[in-house]
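K.L.:
Got a structure for you, questions after.
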Amino acid sequence: MSETLVKPSEASPLQRAVGGALRSREIAVFAVLVVLIVVATVKSNSFLFGGDGWRDLLVTPAILLVLAAGQTMVIVTRNVDLSVGSTLGLTAYLTGRLFVDQPSLPIVVVFLIGIAFGGLLGLVNGILVAGFRVPALVITLGTLYIYRGVFLEWAGSDRINPSDMPSGFLSLGTKQILTIPVLTIIALLVIAAVGYYLHTARGGREMYAIGSDPDAATLYGLAVTKRVVWAFVICGALAGLAGVFYAARYGTISSGAGRNLELEAVAAAVIGGVAIFGGSGTVWGAAIGAFLLVTIDRVLPILGIPDFWQRAVVGALIIGAIVLDRVLSARQERALIEARDR
Amino acid sequence: MSMTTIDEAVNERTYADYSRPLLWRVFMTREFAIIALLVLVYFYAYGNVANFDGPLTLYYLFLDMAPIMLIALPMTLVIITGEIDLSVASIMGLTSVMLGIGYHDFGLSMPLAIVLALVVGTVCGAINGFLVAYVGLPSLAVTIGSMALFRGIAVGLLGTEAITDFDEKWTDLATQRIGGDSSYPVILIAFVVLAIAFAILLHFSTFGRGVYEIGLNDQTARFTGVKVERTKFCLFLLAGVVSGFAGIFYTLRYGSARGDNAEFYELQVIAAVLLGGVSIFGGRGALHGVIAGVLLIGVVSSALRLENVSTNITNIVIGGLLVLSVISGSVLSSVSNLRQRRAARARAPVKASHRSGQPDDGEKAASE
Amino acid sequence: ASIGLTACGGDDDGGSGGSGGDGGGDITFLPKNLGNPYFDASTTGGEKAADEFGGSIEEVGPDQATPDSQVSFINTAAQQGVGALVVSANDPTAICDALNEARDAGVKVVTFDSDTDPECRDVFVSQADAEGIAKKQVELIAEQIGESGEIAILSAAANATNQNEWIKLMEEDLAANYPDIELVDTVYGDDDDQKSFDQTAALLSKHPNLKGIVSPTTVGIAAAARYLSTSEYKGKVALTGLGTPNQMREFVKDGTVTEFALWNPEDLGYLAAYTANALIEGDISGEEGDSFEAGDLGSYKVGADNVVVLGEPFVFSKKNIDDFDF
Amino acid sequence: MTNEARATLVLRDVAKSFGAVAALRSATLVVHPGTIHALVGENGAGKSTLVKIVAGVHRRDGGEFRFQGDDVDFDSTAESKAAGIAVIYQEPTLFPDLSVTENIFMGRMPHGRWRRIDRHAMVAEAEAIFARLGVDIDPRRPAQGLSIADQQIIEIAKAISLDASLLIMDEPTAALSGVEVDRLFAVARSLRDEGRALVFISHRFDEVFELCDTVTVLRDGAYIDTLAVDETSADEMVALMVGREVGDLYPKTPAEFGDVVLDVSELSSRGVFRDVSFQVRAGEIVGLAGLVGAGRSEIARAVFGIDSYDSGRVRLAGKDVPRSNPRSAIAAGMALVPEDRRQQGLVTESSVTRNIAGVIRRQFARAGVLTTGMENTAARPWASKLEVKTGALDMAATTMSGGNQQKVVIAKWLATEPTLLIIDEPTRGIDVGTKAEVHRLLSELAGQGMAILMISSELPEVLGMADRVVVVCEGEITAEIDRSDATPENVMHAATHVHGHEAGASTTDSLQEGARA
Ligand SMILES: Nc1ncnc2c1ncn2[C@@H]1O[C@H](COP(=O)(O)OP(=O)(O)OP(=O)(O)O)[C@@H](O)[C@H]1O
Ligand SMILES: Nc1ncnc2c1ncn2[C@@H]1O[C@H](COP(=O)(O)OP(=O)(O)OP(=O)(O)O)[C@@H](O)[C@H]1O
Ligand SMILES: [Mg+2]
Ligand SMILES: [Mg+2]
């Protein structure tokens, strides 16, 4: 997605590859991530090699990875979904309730119900936003309140405890295949699927088009409403999946589940180079952004920075990422103008 | 057809000032709808909710809503220019901490600590404003970042501590009532002064006209000589200062400076502003609607709390109001569009059945 | 109008339920936040007590444990003119003014579980005296790790009054009596499952030699136990603290946790309700030396600083855990 | 009758209003397969609106619409595309973030297995189309940053790739150079020879005569006549378009020139214009002529301070005007009526009052404070002087016709009582009557000693109104011609020739030689 803008003949292929890579947001963020992990490991071996280090490194971001993938899809269409945290909480609780009330349900079915339920909540968002042509920010801010209110009202003080859920399900939270945690594998599959869709499917490319210029999209005769509704449905469904993940990983679901995750999901996408006004960015970028956000949280204490400062670092990182983006695109623009002058 | 020369034509044409009668202009607005709803809910609660008519209700309502009412003022202007500021609650948290540190750790006198806190709020606003207006970054993304940054600094500075040993004189001031025993806390004086100032700024000043123009069409605004960047910068700065002031009030009211003070207030402020009829796309909205929006949220929460209804239901009600308020606008306008189209079609019916009946004058020269 | 009537009717019920004046006998429970099983248990206890003495209990609360959100509920209680407010404070100072205003409005204020500054309430019903709680936890962890090695504390919110006091007392106790035990870190899980869970993980990776974790909060100990039970540290790193039997049962049985402590939160709520009732009825004024009957729990005396102490913390282990359900 | 039955497209008595603006009253257009049909009319005649109705962007309010014999009523552009209609819109509509190829195939990308879009096939086809058009654009590059001409080429490629039975081109050549136009015409002819129907909209008569078979004239949203191109002349077409003698349109009164008011020297902005120097004297109308995209608007924007520039200086009445600061340009006595009324001239959703008082409000406000009443008082005389037709001063500008909107913009700037008026495309999209009014107004203003810099893409307007013509080509001034010496030929020649080399190929000459009315 990071094609160079200068005419191809003007740079050698090597220059182009190097230049492209350096300009690529994904690679820059990935480099930061790697440096972070290396530094943390040097400081404390167990971060990577000790006991659960490797597993935790991979499994902790799983939930945010899934959320960021969905959020990317919505942002690409020039919308935003602030209700994902509430959707996650609601679905996580639903998952727990299902195990309590229908202990015989197979785990796969619970996964499917969670996804479907999240999708349903996303559908509500999508219909409100695309159907009534009103700003997503306002609508999903409203449903953030509503979904969480419904969740809390339903759950009350009821808390789902690990003992309420089958151990087969809970072990998903830690189970590893070839040392890679199952949840991470699922999250990566989701990323791959969403990325594949956005990159190579008609619908995906149309989502970019819609985000790039909604008016032009209408002129082209694209099914704007349908695509936007879909983006919200997928985002909701992924938040639902993340809810099931949450239940499996944390075992305990209380009213706080998923609170404030929405802004983290948006932040992950923004750090990963997804333009907040749609039309550009990749789900890989968002995934790396999510990985980075979560890992920073875990690394800072190891580096001796009190965890009170974590959020400040995250904030600085987000702002840095947007400024970097602007600097890069300004440089490209200048290159283009100069190319035209010749 | 001919145009009279510039100098003569002064009284050629006369224009009415308004196309609609005064009453129509007053009552048929989003703002009035919200005010009407507020009055309705207030009197319903007054008559039907036990203890709502008590002397404490309004006092607590104003105290609780004061920070939101205050920040809603600059936020209205920010949103009218088409931007948004998500970092206001974090600025409150940071100024709260700075007040505590200034007073307790630096040993400043209270007025000096307050000045320090206000300066910090101003700097925060300036950072947002610089990034949005002069660097040209999207405010949604910038303020998501600065929200985390400012909050992070606040929490980082104070860690686990809470500074509580504020001078009684000052903490009492925050909760004092006007005239000693009325239902109105003194913070209302500050609010009224600020509200008047912001109303003049937005509705009766050249600056305010520019604010609307930027929201409706920033290109035209630029061509007209509006300083788009400077205006946006000033508004973020104002949002920072007022958030700082709200943070100080908050700290004194609770007598406790903590990093996590006022967390999540930003969404409430934005919800109130949008409920008050301000368009998230910018260019539309008025301060009286916004104030009514904030008070509506306050009255609804207060009444529901008195009924021992849980916060969750309150949140559902507020979320529902928010969604309805935007959707209703869109539904109304699409209905009126549809009606207009129907009317147009009725005037000139589509002649679908008309088929090559008459000689075709478009045909006569067609070369084939 | 019909709603108005029922609302007013509710008011009347309150009046008839109590004995002294307007709305007496109405008790409002205000826990740190709703959705916390510990406080569910205490409210259940309160309701049981109210059934016995014929009052009514209403539970209200914020959905997050922040002080400012508690204040508006205190204000509401003052407006409603309830008989007594039973509150577990999120912040010792921030809710002080509001509590005093409520008291000015005639509301009796009982704090329980987590206290405010003493001048803001009538009586504090303490689950056990702080020293007892701190000592018990130190004793448990010392026993489990063999009196030497690194330990860490996983607390709730950084500002929680009771937590911080216990932590301070634990530090003193450790320094005085257990020279070989080193407290290497204190982290805060904010009584949030996810955060406590992730904090546990971070603790373990940061301190490879850690031998034990003390979590003096029910949410924290459960989250930590859940993490340990799925990690290689299970059985190697000791975990103790304050937890509820229902949340900990699984981990006690699978060996992640051997022993932990807690008082019975139901009894705590029960006692707090009786204390509140005694204040409303005027049986006690809350001064040191007053004594009153608390139903099944017997007779209690108000101690120094107007504190009523429930009793010693109770230690749960594999042997007895199945006898409890809360 | 039988003829019409075989027609690809039949539009009859089509009407369309936007609020108060009647864009189309009774438009008729019949296009046959195997022909290229020209649609001509003045700015604002309703050509683009008609095109958008055929494309399904707008729905007509009334009238008949048949495509290939069937009554149709397209609800979206997807439907018209599916029916076999390809449209090149007047304004390029590209997705800046997507690649050129994706822009061409968006909405109908071919896909292979696993519903995976077939990028290779798309790129290959895009390259084939570019080869056919004889242009060299990398199909993989993003559309962002393409020049207007390249954007237009992509629009053309998009339409051609649709393989449609009706191809409508709304001013496709406006930004193209001679060679590109030639290639386009060759392609258009081959499409015609395949039996497709084409509609071609252009303001350049030479192109109409070179390419088209039939021509339909619209005026003020109404059908006027359809003629065979062979049997008509440019003069006849103009007479039909304008509806009266052309001379009326340009009531130029001779004026005395005073001192130099605007002095632009060696203004350069990288990639946009170079070494631009010219002067405007009091009482003089200087016409800035050139092809669309030559950079005239950019020069005006830089002079006024909307955009910055790299070097050079701008002086007004002998004083330097600071760079990129519109407010000090206004204070110095400059006014700019921009080319894009909706995006730059007006806040369309705002009232007449607020628009007119938009600039002068800073003068009558007391310490920055003003009221609607004060604004009304200030705006009313100017609305009246320009005879703005509106019910009340609080009506939104959206409710008004293009001509009236233009009057509001002019009123807004005249209210500042400027010494220099820069007016960019003064009559774009306004009806004939208003057009004459605007021209008379300009003439009068010059007569009163105002210096006027007029940018116009309509050669007759430039020739009719300007005392001096400054011609811009690819960001450079290529000629300065006095009113007496200016002819369509020498202006066009300068507009297509940069110093030294030619913008187009040698064929340009012959193309432009056909000259305009
Ligand atoms: N979306 C719209 N809303 C309101 N008025 C419109 C709209 N589109 C066009 N108009 C008006 O309709 C009239 C016809 O415009 P149209 O674009 O069809 O003219 P045109 O013949 O294509 O002119 P040009 O040669 O300048 O392209 C103009 O007065 C224009 O201002
Ligand atoms: N959106 C754009 N992207 C890239 N280049 C552009 C864009 N708009 C204009 N340009 C370039 O800027 C220069 C001037 O364009 P512009 O259309 O404003 O000129 P103009 O002479 O004012 O034409 P007009 O007749 O439309 O007023 C051209 O080189 C054009 O290619
Ligand atoms: Mg047109
Ligand atoms: Mg131009």
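Including glycine, each Cβ sits where the backbone N, Cα and C put it.
Please treat TrEMBL annotations as automatic predictions, because they have not gone through curation.
TrEMBL lists these features:
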{"type": "COMPBIAS", "residues": "B:357-368", "note": "compositional bias 'Basic and acidic residues'"}
{"type": "REGION", "residues": "B:346-368", "note": "region 'Disordered'"}
{"type": "TRANSMEM", "residues": "B:22-45", "note": "transmembrane segment"}
{"type": "TRANSMEM", "residues": "B:57-79", "note": "transmembrane segment"}
{"type": "TRANSMEM", "residues": "B:86-104", "note": "transmembrane segment"}
{"type": "TRANSMEM", "residues": "B:110-136", "note": "transmembrane segment"}
{"type": "TRANSMEM", "residues": "B:148-166", "note": "transmembrane segment"}
{"type": "TRANSMEM", "residues": "B:186-212", "note": "transmembrane segment"}
{"type": "TRANSMEM", "residues": "B:233-252", "note": "transmembrane segment"}
{"type": "TRANSMEM", "residues": "B:264-281", "note": "transmembrane segment"}
{"type": "TRANSMEM", "residues": "B:286-304", "note": "transmembrane segment"}
{"type": "TRANSMEM", "residues": "B:316-338", "note": "transmembrane segment"}
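Please situate the listed features within the shown structure.
P.N.:
Residues 51, 85, 88, 92, 139, 175, 177, 183-185, 187-188, 190-191, 194-195, 198, 201-202, 208, 211, 235-236, 238-239, 241-243, 245-247, 249-250, 253, 262, 265, 268-270, 272-274, 276, 278-280, 282, 285, 287, 290-291, 293-295, 297-299, 301-302, 306 of the same chain lie 6+ residues outside the transmembrane segment (B:57-79) yet bring a C-beta within less than 8 angstroms of a C-beta in it.
Packing against the transmembrane segment (B:86-104) from elsewhere in the chain are residues 67, 71, 75, 110, 112-114, 116-118, 120-121, 124-125, 128, 140, 143-144, 146-151, 153-155, 157-158, 162-163, 165-167, 239-240, 243-244, 246-248, 250-251, 257-266, 269-270: each is 6 or more residues past its ends and has a CB under 8 Å from a CB in it.
Beyond the ends of the transmembrane segment (B:110-136), by six or more residues, the same chain brings 83, 85, 87, 90-91, 94-96, 98-99, 102-103, 142-143, 146, 150, 166-167, 169-170, 228-245, 247-248 to within a C-beta distance below 8 angstroms of the stretch.
Distant neighbours of the transmembrane segment (B:186-212): 62-63, 66, 69-70, 73-74, 76-77, 80-81, 173-174, 176-178, 221, 226-228, 231, 234-235, 242, 245, 249, 283, 286-288, 291; these residues of the same chain sit at least 6 beyond its ends, with a Cβ under 8 Å from one of its Cβ atoms.
Outside the transmembrane segment (B:286-304) by six or more residues, the chain places 29-31, 34-35, 37-38, 41-42, 45, 49, 52, 57, 60-62, 64-65, 68-69, 72-73, 76, 195, 198-199, 202-203, 268, 271-278, 313-314, 317-318, 321 with a CB less than 8 A from a CB of the stretch.
Outside the transmembrane segment (B:316-338), and at least 6 residues removed from its termini, the chain residues within Cβ reach (under 8 Å) are 30, 34, 271, 274-275, 277, 280, 296-297, 300-301, 304.
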